[in-house]
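Single-structure report; data block below.
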């Protein structure tokens, strides 16, 4: 049953601007501390494994909270939810800026992630609500700009700020933007979503936390501990069991926290798979290439960030344009072309040497991210368009959750292939062994891209737009 909430006339451009700005600063924080970790380790006297939790905890909190956002979006108004999310994020930023020790800084990151985890599904749901179906590609293209550009400039901005000032400046830089967006949201944001009478199921929250949290932590730990590690195996086992129990419970509940029946829509299921494949390739590539430039070519972390920046700029710039193309031609052709580009750029990456032109690598990576932009938001939009309006919050939450898991799986798979092949390279030269492993990892990436390419041919437009789908 819907809850009647007064929806006053709203300025769509204002809402879009507020949400994009809030999401940008929130998503930027995912990668903002990467190059600052050595400085934090020195100041707080912690080792690399402890410091890594500043990024791992952010990812885990996001992965745990995102599945709950479908319930939150149905329970609370879009205005209240945005203000709450930005308030939580801003509070975490303040705590981080003045953290006296490492535990407080880690707590600040978790608080930041709690706010950021709400932002992405909320932004997608609001955009899909306020834009007509024939303009959703354009809307999601703007989302693509944020999720591609924001995390990419994180390491570059971090490298500059830490060298010029201190790691605390990263929080000082973010804070005014977060405060301004919070003030604007309080004044200008309107309610645009429809509320429903729903109650939180505590057991579902617990199972979701252990399910998705276990999988994310398990897969993200493979690179550090290996597949045979008890940490990895126990985390994955707990995650799988909890997730199966979670799915079973959701199917039995009259009003589930996360509606798995979105997968009864074939187009949504296929596009979610395609989106997961391309995100796994994206995160996996962004993990392998810095290892190549820094460990094999002795390029600094800051310069590596600069090398990856053109690809992020192209991906961000092209996302809105590709969104408009999607509105005209649909997602099938874009996905086919995108996976083809990723496959073709994987071939040269399979033949990296210790003297491969760095400029050539920048060109390949930039073209590769153009292909990624042709897939990521178009297939997401195509899948959401197949859902009836009342399932859109569940579709966006499901899509973002599975993307997080897919990214961790992609990284785990490629890093484990790289490590295994490097260990059996038959050479005592460490750099040559690493190269052998990296080339093998890109062979796997090429196979994944080929699978995505073939699956893209089966993508069809939904028979009826979401507004015309019968309620279930």
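Cβ atoms here come from the backbone N, Cα and C positions, even for glycine.
If you check Swiss-Prot, you get these features:
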type: TRANSMEM; residues: 14-34; note: transmembrane segment
type: TRANSMEM; residues: 53-73; note: transmembrane segment
type: TRANSMEM; residues: 113-133; note: transmembrane segment
type: TRANSMEM; residues: 142-162; note: transmembrane segment
type: TRANSMEM; residues: 169-189; note: transmembrane segment
type: TRANSMEM; residues: 202-222; note: transmembrane segment
type: TRANSMEM; residues: 263-283; note: transmembrane segment
type: TRANSMEM; residues: 302-322; note: transmembrane segment
type: TRANSMEM; residues: 333-353; note: transmembrane segment
type: TRANSMEM; residues: 359-379; note: transmembrane segment
type: TRANSMEM; residues: 405-427; note: transmembrane segment
type: TRANSMEM; residues: 437-457; note: transmembrane segment
Q: Report, as numbers and ranges, which residues of the same chain sit near the transmembrane segment (14-34): CB under 8 Å and 6 or more residues beyond its ends.
A: 40, 54-55, 58-59, 62, 82, 85-86, 89, 109, 112-113, 115-116, 119-120, 122-123, 126-127, 130, 139, 142-143, 145-147, 149-155, 157-158, 167, 170, 174, 177-178, 181, 184-185, 188-190, 192, 301
**Q.** the transmembrane segment (405-427) touching the transmembrane segment (359-379) per 3+ Cβ pairs under 8 Å rule
**A.** no
(Q) Tell me whether the transmembrane segment (263-283) sits in contact with the transmembrane segment (142-162), defined here as at least 3 Cβ pairs under 8 Å among residues 6 or more apart in sequence. (A) no
(Q) Against the transmembrane segment (405-427), which of these stretches has the most C-beta pairs under 8 Å: 53-73, 142-162, 202-222, 333-353, 437-457? (A) 437-457
Q) Looking at the stretches 113-133, 169-189, 302-322, 333-353, 437-457, which one shares the most CB pairs under 8 Å with the transmembrane segment (142-162)? A) 302-322
Q. Who are the chain neighbours of the transmembrane segment (113-133) in space, where the CB to CB distance is under 8 Å and they lie at least 6 residues beyond its ends?
A. 10, 12, 15-16, 19-20, 22-23, 26-27, 29-30, 57-66, 69-70, 72-73, 78, 81-82, 84-92, 139-140, 142-143, 146-147, 192-193, 380, 384-385, 389, 392-393, 396-397, 399-400, 465-467
Q.
Could you check whether the transmembrane segment (202-222) and the transmembrane segment (53-73) come into contact, where contact means at least 3 Cβ pairs under 8 Å with the two residues of each pair 6 or more apart in sequence?
A. yes
